[in-house]
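*Asks:* This is the structure I want to talk about, given as structure tokens.
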Amino acid sequence: MLRAIAEERGRLSLRREVCGLGCFKDDRIVFWTWMFSTYFMEKLAPRQDDMLFYVRRKRAYTGSESTADGRKAEAEPEVEVEVYRRDSKKLPGLGDPDIDWEESVCLNLILQKLDYMVTCAVCTRADGGDIHIHRKKSQQVFASPSKHPMDSKGEESKMSYPNIFFMIDSFEEVFSDMTVGEGEMVCVELVASDKTNMFQGVIFQGSIRYEALKKVYDNRVSVAARMAQKMSFGFYKYNNMEFVRMKGPQGKGHAEMAVSRVSTGDTSPYGTEDSSPASPMHERVTSFSTPPTPERNNRPAFFSPSLKRKVPRNRIAEMKKSHSANDSEEFFREDDGGADLHNATNLRSRSLSGTGRSLVGSWLKLSRADGNFLLYAHLTYVTLPLHRILTDILEVRQKPILMT
């Protein structure tokens, strides 16, 4: 199946060079409907879900709006992911013109035909550039076109397609022993493989140093939380977990880490967070690879049968692009000083609101402890655009590094 898709993508590139974008459209529809019927409707693998995913693309109504030059404004297509059981009588017909059959094949391939293993490791880099792994943990994860907040329970899933999420709901238990200290870094690697384990390739790699995590953590320490702790005579219990989003190399997806301070038995309010809106922090997220022994957990439920989201036209065009194979090679290079501040790290916090922060901000800097302390670094999820996963699977096929 992977070979057939790769060959079709190659033929498409050749056809575009010969006769332009509009050539062989009907031929391509025949190919993708045949692929969908053959590999998902007729062939049922032993571990394959009894579900089919369809990407429906419609034109939204624009009314009488027009552009500055007088032309009629084109409507942004509305994308809807529909989910049906294989034996449902409501399955869309193979000739349905509103179904994007190519994307439907690719989505079902990523969700059902591949296995995924994520590895989180605490490492150090030697002077020669080699990576030394001190401890690591691997966990099987599942691809989903939907997401839900990791800092709250019971919230309904929302559509994320074309971004695919690999979530670890029990991240605090799975990565309970992942602590990072001075001079160390946290490395994340996500690997895809087929059901027979004949194919294996890295689809995400990233790393972040302890110093960057600690800087984020320190900058989120909440003066308001400290004051509330004192004024409530200890009855106020703060939550000291921060969610740090790490961008992948060259913007290739991102991973989220739940960061908290390892308790030392000190009950003082040092180490609480600033719960003000996320302040911009920057850390270069470099690349690399993934997994040893998997631990299976139950596959999560997928979301509602019909999920809608408008996708800009330029995003659709972007999904069709091929991407270079060197997205992950920066992990092997030495950090270049000031360049470490180029990738923004977005933060989310589930701490107390920062009331009075502006009044006592300078006092915070004076009273903050300068010493280093251990941090928990729990991986919560990895997310990647569908087209980047396809490119890594079909073209790049980078070998894992963390897997031994």
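Positions of Cβ are set from backbone N, Cα and C atoms, glycine also.
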*Asks:* If you check Swiss-Prot for phosphoserine, which of SER144, SER304 comes up?
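*Replies:* Going through SER144, SER304 one by one, Swiss-Prot flags SER304 as phosphoserine.
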*Asks:* Which one of SER64, SER88, SER351, SER358 gets the tag phosphoserine in Swiss-Prot?
*Replies:* SER358
*Asks:* Which residue from SER176, SER193, SER260, SER362 is recorded in Swiss-Prot as phosphoserine?
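*Replies:* According to Swiss-Prot, the phosphoserine annotation belongs to SER362.
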